[in-house]
Every structure is written in C-alpha cells, then in structure tokens.
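Asker: Input: one structure, supplied below.
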Amino acid sequence: MKQSTIALALLPLLFTPVTKARTPEMPVLEKRAAQGDITAPGGARRLTGDQTAALRDSLSDKPAKNIILLIGDGMGDSEITAARNYAEGAGGFFKGIDALPLTGQYTHYALNKKTGKPDYVTDSAASATAWSTGVKTYNGALGVDIHEKDHPTILEMAKAAGLATGNVSTAELQDATPAALVAHVTSRKCYGPSATSEKCPGNALEKGGKGSITEQLLNARADVTLGGGAKTFAETATAGEWQGKHCVNRHRRVVISW
C-alpha cells in the first residue's frame, strides 16, 4: 500500500470524535490533553484522575451487537506520536484515537521458520496472522504456523458461528493484511494461480493445496468484500472445479474490485 494511501485511510481514526455513554461518576475520557502548565508538577498529565471506575463501567456482561476491527497497517505508536506532534502539539490530543477508554499492546516479533526463535522485525503477513489466528509465525506466512499448519482465522470462526462477516481494504484484497483473514498460504506472494504455481507450488490446487490467496478468498465468501486486486481475479484457474475459467467468474456477486 502506498504511504499516501495509508495516511488518507488513517486520518478518520485520528480525528473522528469517540462518543460513549457516561454516568455522572465517570471522569471525562474524551479530552486527553495536557492539563495546564506543562512546566508545573503534574501539568503534563493527560488524565483528570483515577480511571478505575471508568474502566469498570466500560465492561459489560452483554454481548456486543457488532464488532468492527480497524487495522491501521504500519500505524504504530511512533507514527501516531509524530502525527499528534505535528497536528496538535506534544501536549494535545486526537478526538478519535486518544479518546479510546481502553488500549493495549501485544508482542510484535515474528518467528524464525527454522529455529522457532524470535525474529525481532516482523512483517505484515506474520503480524496479521498473529492477530487473526492467535498464532505467531514466520515473515511472509499467512494463516499457517512455522510448521505450515493451518490455523482458523477470526473471520472463519465468525462465519462458523453464523455471524455476518466483511473484509474491506484500501489495498489489494490479496495484500497481507486483508488476506490474513481468508487465506492459508506459505508465502504472501501467492496472489493468484500463476504466482502460486511458481512461488509456492505446495499451495497450488494442482498440487493438492488450497490454492492461491484469490481462490481461497472466493471460497471463504465473506458477506461483504471490498478492495483492489481486480487484475489477479482475471487470472484463469489451472485446476479444480473451475479449471479453465477466470477466478472472478466463480462468484461474481461476492467481490467488487477496482
């Protein structure tokens, strides 16, 4: 994904105000800016007081009606901080992301495929596999562990539970981040039948594999799928039920590409 596209896609996450129900006892969460003279003791604090009650009230025994997971690809704390410093100043705040009542982190390393030890710089494929399946893997892998074993994704589990699902991206649908929800391949480069036969033949349909990312995406059948990658959908299937036909002809109503 181009950096300019990333920036445009992430702007709403930074500036869109977050609204939530608040009881009279709950402290204000929305304005997390420096609270006064930043040279004075406590002047740079971003919270008005003890947040225990607010966090407790944010928990609910009721199931969520809908869950929308927004992934800012390449959007780490350093990028958010740089944007905040530029747009609002170091003591300022974003009405969107800074107002979220709960935040957290998880370890962000991949695994070495041969040794199983940490590979300290992850890529989009390994990191997306981690959040979509709960399993760490090697850089370049999608939906499989270091032993190339498949693991179910949150989208697949949601569909199995009878829930409506969607997969929407500003990038190509075969790109690592959206592909991690629908595909299980040993290399993120396995976009379509041609690339899969050449770069990861063990995943190819003609070799008994599950097929390319595009073919698996069509089989996964999220209820809504929006994104780029039309060129790969125009490829011809080389094996399976749809051999000799364009991938896009398999499920025309499933995918809208540009």
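Each position is counted from 1, following the chain as shown.
Backbone N, Cα and C define each Cβ position, glycine as well.
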Asker: Of the cysteines C200, C247, which is paired with C190 in the disulfide recorded by TrEMBL?
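Answerer: Recorded partner, per TrEMBL: C200.
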Asker: Starting from the Cβ of D73 (Zn(2+) binding site), draw a 10 Å sphere and report how many other Cβ atoms land inside it.
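Answerer: Taking every protein chain into account, the count is 19.
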Asker: Need the DSSP three-state call for T177 (Mg(2+) binding site) to compare against my parser.
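Answerer: Note: T177 (Mg(2+) binding site) is helical by DSSP.
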Asker: Between D73 (Zn(2+) binding site) and T177 (Mg(2+) binding site), how far is it from one CA atom to the other, in Å?
Answerer: 7
